[in-house]
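If you look up Swiss-Prot, you'll see 12-15, 71, 202-204, 268-275, 339-342 marked as ATP binding site, on the strength of similarity to another entry. Residues or ranges marked as N-acetylalanine in Swiss-Prot (evidence: similarity to another entry): 2. Taken from Swiss-Prot, the feature N6-acetyllysine covers 77, 108, 246, 348, and the record attributes it to similarity to another entry. What Swiss-Prot records for 469 is omega-N-methylarginine. The N6,N6,N6-trimethyllysine annotation in Swiss-Prot covers 561. Among the features that Swiss-Prot reports, N6,N6-dimethyllysine is placed at 561. Per Swiss-Prot, the feature phosphoserine maps to 604, 631, 633. As annotated by Swiss-Prot, phosphothreonine applies to 636. Annotated region 'Nucleotide-binding domain (NBD)' per Swiss-Prot: 2-386, in sequence order, evidence recorded as similarity to another entry. The feature region 'Substrate-binding domain (SBD)' is assigned by Swiss-Prot to 394-509. Among the features that Swiss-Prot reports, region 'Disordered' is placed at 618-641.
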């Protein structure tokens, strides 16, 4: 396989997944724990940084410094209502840095703060490493997916996270579109089909309607909620049980981060159980002040707790149908994507909405997005496999884009659901006589007045020659690239003077310098992680050597071949090292290596003398090279004859 392989990464709110297209098919790659999805968690401890399963597994012990949900922060402002409401549920601290949210944690004994892009970049680095371990060579090219309903700043911030992780982001593509590729790739030649992708994940919800016809995937409309998913169902369960605990035990656990985290983990498990059983039990020992919490919940009660959220998933479905100008009967396939679509009630609501139509569950809801991203990555790298070479993706802009005209009116140049890439030009003029310049303010959203929409950026076109109002002609061009990221240019026709802006949300966007700095920091963290790995390996090697020596001299088979004095010398030294290890677990690699050499100086002559004297190599399971047998990194095992 050529070294210029590109990977597809589904960077999820709660879990991420990576795939690669090679030899004509997609492989979803398992991580070092054998899991095909990896938690989007990053944990900081006194000694190290953990990413993925390792981070999620220790979350109850370290809730304040374990960061997740970075996708719910990325590209948003600190003052956003959703950020403020999420902060109530998060055990980690979110601080305000010039209206940008930053996550504050304790790492190696000092307080550190990170932008959401940095946290996401750590997860991306992990996914990149998972792919590299599988492929056996470095990987830099990647396609990363985002919810279709992500706005410009969220897309741009996700792209920045990729850059910080050392990736060359070939393209940002929409999750439902990627899932549609996974669905439609093997279904060519069936004529034109209208497909509705219903994608309900851990933190985001998208609905997209596509027409798939012989390798052409054309998105007709998209709708969704970038803040609805499995986490919100977990939150409802957590609140329910916090109240139940209050009723039963007259105690409020909501301020105890560790108790709430243990409860949340149990709720997540119960929620999954309720997709296949009608009842789930929670058993948490010593949840709070020594009180054991044993309780249960029925599926009906869970559905009742989340009923408004579940019903709310149908609004975007209706909106997408309206925008695509289709009615229910015109949809051929209803495809479920995202782990939360396993919830029976969600399936039933969708099925009833489409008058009892069967839902298509043929693709893996956890892996479909990464699968499609991997296919798109291969196409962008020029893969010539027959099943992808004719594939064409036509995606859309999720929100209308325009600028503010006199009186604060929103004038849209690009309507929502326009196929991208696209370019629209319109001519504007001045509002007052001899106006020397115009302020171009770019907004996204569907409301009539700009104050109700989202300001993406603003720039000035100055130096307009004096003229009566309405005479100067200013040509404004909106150009959206294939990533859904916008460039705006304004030109004064009389002077040819132009000014342009890549909408990079001056307020929300990281500057080039910041990104550079973060790239270097990411490298540094990676180096620190490696030092930590080497340190642990040296510690394990010392520990296993000490125990091996101890068991070697205690071996019954050596009675009479080893003087008591020598035996005592080895045992005392081993015991000394083992005690030293217990009280110096955080020593440097060099100290472990030094201790080991010290131990070898005592043991080697005795052990090798023993085997030469005994003339019986291999006695007690050690070859003549016994001391070196344990010198690999990490614990080693000896074979016993």
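Positions of Cβ are set from backbone N, Cα and C atoms, glycine also.
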Cβ neighbours within the same chain of residue 275 (ATP binding site) - under 8 Å, at least six residues apart: 342, 343, 344
Euclidean distance between Cα atoms of residue 341 (ATP binding site) and residue 246 (N6-acetyllysine), Å: 32
Using Cα positions only, nearest of the modified residues to residue 272 (ATP binding site) (77, 348, 469, 561, 604): 348
Candidate recorded positions 15, 77, 269, 341, 348, pick with smallest Cα gap to residue 108 (N6-acetyllysine): 15
C-alpha spacing of residue 269 (ATP binding site) relative to residue 77 (N6-acetyllysine), in angstrom: 32
Residue 203 (ATP binding site) to the residue listed as 'N6,N6,N6-trimethyllysine' - Cα separation in whole Å: 67
Protein Cβ atoms within 10 Å of residue 341 (ATP binding site), excluding its own: 22
Per-state residue totals over the region 'Substrate-binding domain (SBD)' (394-509) - DSSP helix, strand, coil: 3 helix, 61 strand, 52 coil
All-chain count of other Cβ atoms within 10 Å of residue 203 (ATP binding site): 25
Nearest of the recorded positions (12, 269, 348) to residue 561 (N6,N6,N6-trimethyllysine), judged by Cα-Cα distance: 269
Residue pair residue 269 (ATP binding site), residue 348 (N6-acetyllysine) - Cα distance, angstrom, rounded: 21
Rounded inter-Cα distance in Å - residue 15 (ATP binding site), residue 348 (N6-acetyllysine): 25
Length of the line joining the Cα atoms of residue 12 (ATP binding site) and residue 348 (N6-acetyllysine), in Å: 25
Cα proximity to residue 604 (phosphoserine), best match among recorded positions 341, 348, 469: 341
The residue listed as 'omega-N-methylarginine' to residue 341 (ATP binding site) - Cα separation in whole Å: 56
Cβ neighbour count within 10 Å of residue 604 (phosphoserine): 15
